[in-house]
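Before any comments, here is the structure.
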Amino acid sequence: MKEKAVTLLNESKTARWIALALISTTMFFAYFFVDVVAPLQSMLETDYKWTPEVFGMLGGSEFFLNVFAFFLIFSGVILDKMGIRFTLITAGLTMVIGAGLKFYALTPGFADTGFAAWLGSFITWVPASAKLAFVGFAIFGIGVEMAGITVSKTIVKWFKGKEMALAMGLEMAVARLGVFAVFRLTPIFAENGGPSNSVLWGLVFLCIGFLLFLTYTFMDAKLDKQMGVSKLTTSPEDEFKLSDLKKIFTNPGFLAISALCVLFYSAIFPFQKFATDMLASKLNVDIKSAAAYVSFFPIGAMILTPFIGYFLDVRGKGATMMIYGAVLLTVSHLIFALVPAESFGVVTAILTIVILGTAFSLVPASMWPSLPKIVEDRYLGSAYGAIFWIQNIGLLAVPILIGWALTASNPGVSEQIAAGVEGVKYNYTVPELIFAGFGVLAFILGFVLKFVDKKNGYGLELPNKKK
Ligand SMILES: C[C@H](N)C(=O)N[C@@H](CCCCN)C(=O)O
């Protein structure tokens, strides 16, 4: 008897783009929540007595448990051991719980409790609301990074051999749109109810995101059923083993791409936190205008990333793209560092942001689809977890390094600003040179990656799409 051939769900274009839309929309909400209070620094200072230092610590708390308690390594192992559905639901719930705690920290209901009084009784320069918000944001951080690695593995599952880089590029583009949206919407929400209202909206969005993840799991279950994936059909050699972690950390391709990743992202995300103040001081404009220029950055990356992804699918050249990205990263930071303020106008600022935005498209678009070519599928989740963990160390440490470099290279400036002296500004030359230094190292690492690719035949320069 002739066996009926089953058309897998991921062979259907409609099904795989629907799967992508479901998980990407959740990442939109997740990235929205990451920066939900970013534009509200002054409101938090007035309403909740959060100093700029306290505000800065909030950013670091997102990575704290992932880095120091190795949660990102655990998340990768959980993903490989328990599968995509379990990990997506866990990540979604963790984000909602963490966000809920952060919202509660900003409500009068918490401020009136004995718990708040106790939290406020030690390290008194950090208000109780901030302490609880740190805990909430650290829990959210576990969820959002877990979601990030699971979404990457999910895209590989549906798109490998097809439009993989385009799909990853589109997912990142949707996430970047979340960053843009937060800068537009959060101030409006805060005008009608303060920062807690913005966080509440972020929480509501995350609940919707959780439901989208849940909806996706039905598609995932159907695909697994068609593929015949079950505990019975997975042979022991296909299963993830803890010893695979050693394979990941001794894989030369993984080490090269992780080093490139931490260097590249250390010159991107921490820069984003300082960019508004840097441009305001260099262009001698107010914070609002400077923020408007900076908002071109995620939007530029959002528009370009899918196109670069498409190019990588049909033409390849992933490792070369990462080298070009590192060059543009270095050039843009050198312009910020070395062009004197007198010759640095709005046009130069926007052009430089566009160059940086292009780098921010080239490297992520080629880096994330490269990992499945370097490591085996059965420990791909752990590899994504490990690379995120290494990257998170940089994202935690570099803002502290930059803050220290800024203070050290501008003696007396913070004291004058605190004393309310008008017209005093920081000079960002040293921090910008540090960012440019990361770019140079990333450029060198790009060549190392190209060399190990040639030696080990990973195929990083080959197209993703099978003809
Ligand atoms: C911050 C986070 N760990 C990260 O690296 N995000 C990347 C995207 C990673 C791939 C997501 N599926 C980014 O460029 O935003």
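The count begins at 1 with the first shown residue.
For all residues, glycine too, the Cβ spot is worked out from N, Cα and C.
Now, the feature entries from TrEMBL:
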- 19-454: domain 'Major facilitator superfamily (MFS) profile' (DOMAIN)
- 14-34: transmembrane segment (TRANSMEM)
- 54-79: transmembrane segment (TRANSMEM)
- 86-105: transmembrane segment (TRANSMEM)
- 117-144: transmembrane segment (TRANSMEM)
- 165-186: transmembrane segment (TRANSMEM)
- 198-218: transmembrane segment (TRANSMEM)
- 253-271: transmembrane segment (TRANSMEM)
- 291-312: transmembrane segment (TRANSMEM)
- 319-338: transmembrane segment (TRANSMEM)
- 344-365: transmembrane segment (TRANSMEM)
- 386-406: transmembrane segment (TRANSMEM)
- 433-452: transmembrane segment (TRANSMEM)
Stretch with greatest number of CB pairs under 8 Å, the transmembrane segment (54-79) reference, 14-34, 117-144, 198-218, 291-312, 344-365 candidates: 117-144
Any contact, the transmembrane segment (117-144) to the transmembrane segment (14-34), with at least 3 Cβ pairs under 8 A: yes
Interface-richest range of 86-105, 344-365, 386-406 toward the transmembrane segment (253-271), CB pairs under 8 Å: 386-406
In contact by Cβ distance (the transmembrane segment (344-365), the transmembrane segment (319-338); 3 or more pairs under 8 Å): yes
